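What follows is a short report on a single structure.
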Amino acid sequence: MKTAYVSATIVTLNEQNEVFENGYIIVEDHTIIEVQHGDFFKHDQVDEVVDLKGKWLLPGLVNTHTHIVMSLLRGIGDDMLLQPWLETRIWPLERQFTPELAVASTELGLLEMVKSGTTTFSDMFNPIGIDQDAIMETVRNSGMRAAVSRTLFSFGTKEDEKKAIQEAEKYVKRYYREHDMLTTMVAPHSPYTCSTEMLEECARIAMENNTMVHIHLSETEREVQDIEKQYGKRPVEYIESCGLFKRPTVIAHGVVLNENERTFLAEHDVRVAHNPNSNLKLGSGIANVKAMLEAGIKVGIATDSVASNNNLDMFEEMRIATLLQKGIHQDATALPVETALSLATKGAAEVIGMKQTGSIERGKCADFITIDPAKKPHLQPAEEVLSHLVYAASGKDVSDVVINGKQIMWNGECKTLDEERIIFEARRYKHGLQM
C-alpha cells in the first residue's frame, strides 16, 4: 500500500540537513520511497493521501539508553547520589517486582515514549521477578522499534552467576535479530556489579552471536576510583581487557573520560549514550560531548530511566544536552541545533546499530512524527523550525507517530496502547510496592 503524507514541512535530517517546506513523503508499506518539495506526484499512483495541513514532519526520536521496566519507580529516591540511590532504593524495590507489575510498568514507559515522539529505543531490564518473554511481547505489541536487553549482575553465589549467564545467553539466542523491529544486546550492568569472569563470558556471548554490547561505564568519579583501586585500571581499560570491545559497544554515560580514553573509544567503535538530565540529577557530572564528537565517537542522546530523570521526553534531553555543552565550554557554537537533532535521530540510530531508521530519506523505514505549530504560541513564528524543535518544543507537542509505516498515534490518540487502562494499572500496582 502506498500512502502520501502531504502539505508538511519536512525535516529530513539527511546528510544535507534539508528542510522541505510544503513537502510530501510517500510511504510504501514500511518504507519511505519518495521525499520532495511541493505536490509533484500523481495522486492516482497512491492508495491514500493524508493532508498534514502544515504540520512539521521529522524522524521519530531514538532513545539510546533507558529502563522502561522501572517506570513505576518515578520519583523514588530523589536528591541522592548514584550508589546509595541504587543500593538503598532502586535494587530493593526491584526485588519486589512481579511479572504483572513489570508489564504494567513497561506499558507505562512505552505509552510515555510514544506520546512524546520516541519511535525507537535501547533498553536494559533487571530480570529479577519478571517474565522476560512477557516484556518482549508487550514491546512488540506497542509497535515500537527496540533493542531490549536482559541485564546481568554478579549478585549471589558463583552458582547464581553461572545461571544468570546461561539465562542471558538463551535470551540472546532467542531474541537477537539483526534487522528486525525487536532485537537485543548483551548487557552486563557495569564493571562494579559484574565479576571479571562474568564480563568475559558476556564478551564470549556477544562474539559468538554477533550482537552488540550495552553497559554502564565511567558514570561517576567514584566508579573510576573504585575500579582503579580494585583492578589497577580505569574502567575503559578494564572493560577492554575483558574483551567486550571486540564487538560494537554502547556505553551509557561516559561522564568521566580522559583524552586518551576518548581516542581509544573512537578507534574501537565504542559508542556513547549521553544521559544529560540523569547525570545532573544524580550528581554524576557533565559528559564532555563536544570532545567526544571531536574525537570521532558516535554519540546518541538518551533519557535513562524515569527514576533518575524523571521523564522520557527526548526533546527536553536535546535542549539540555546542547545548553550544557555551550555552558561548560563557554562556547555558544558548541552542539548546534542540527547536531543536537542528529544525536536524537539519525546519529542515535547509528549508535544502537539501527541505521534503517533516524532520517526522512528514500529507502529508510517509515518512522516519523509530526508536530502542529499552528495553535502553539511557544512555536511561533513557525519559520525557524530547527531552532524551535531543540529550544522550544517538548514531547507534549507531538501530534502523530508513525512507526514502520503504521500509525501508532494519530492526533494525540494512541492506537496500540490503551492509555486509560495503562494509567489505571500503573497506579494500582504502584500501591503494592513497599517503599
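Using the three backbone atoms N, Cα and C, a Cβ is placed for every residue, glycine included.
Note that the structure is a prediction, hence the values are computed from the model and not measured.
Feature list (source: Swiss-Prot):
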type	residues	note
BINDING	His65, His67, His216, Asp304	Zn(2+) binding site
BINDING	Glu94, Arg150, His189, Glu219, Asp304	substrate binding site
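Locations of recorded Swiss-Prot features on the structure.
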| residue | record | DSSP class |
| --- | --- | --- |
| His65 | Zn(2+) binding site | strand |
| Glu94 | substrate binding site | helix |
| Arg150 | substrate binding site | strand |
| His189 | substrate binding site | coil |
| His216 | Zn(2+) binding site | strand |
| Asp304 | Zn(2+) binding site | coil |
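Same-chain residues at least 6 positions away in sequence with a Cβ under 8 Å from that of Glu219 (substrate binding site) are, in sequence order, Leu82, Ser190, Ala252, His253, Gly254, Val255, Val256, Asn279, Ser284. For the pair formed by His189 (substrate binding site) and His216 (Zn(2+) binding site), distance between Cα atoms is given as 6 Å, rounded to the nearest Å.
Each of the binding-site residues His65, His67, His189, His216 was scored by how many other Cβ atoms lie within 10 Å of its Cβ, and the smallest score goes to His189.
Compared over the binding-site residues Glu94, Asp304, the count of CB atoms lying within 10 A of a residue's CB peaks at Asp304. Here Arg150 (substrate binding site) comes close to Met124, Phe125, Pro127, Gln132, Glu167, Ala168, Tyr171, Val172, Thr184, Ala187: these same-chain residues lie at least six apart in sequence, with C-beta atoms under 8 angstroms from its C-beta. Apart from His65, His67, His216, Asp304, the Zn(2+) site neighbourhood in this chain, defined by C-beta within 8 angstroms of the site C-beta centre, holds Thr66, Met124, Ala252, His253, Ala273, Asn275, Ser278, Ala302, Ser305, Ser308. In this entry, Glu94, Arg150, His189, Glu219, Asp304 make up the residues listed for substrate, with the farthest two CA atoms of the set 21 Å from each other.
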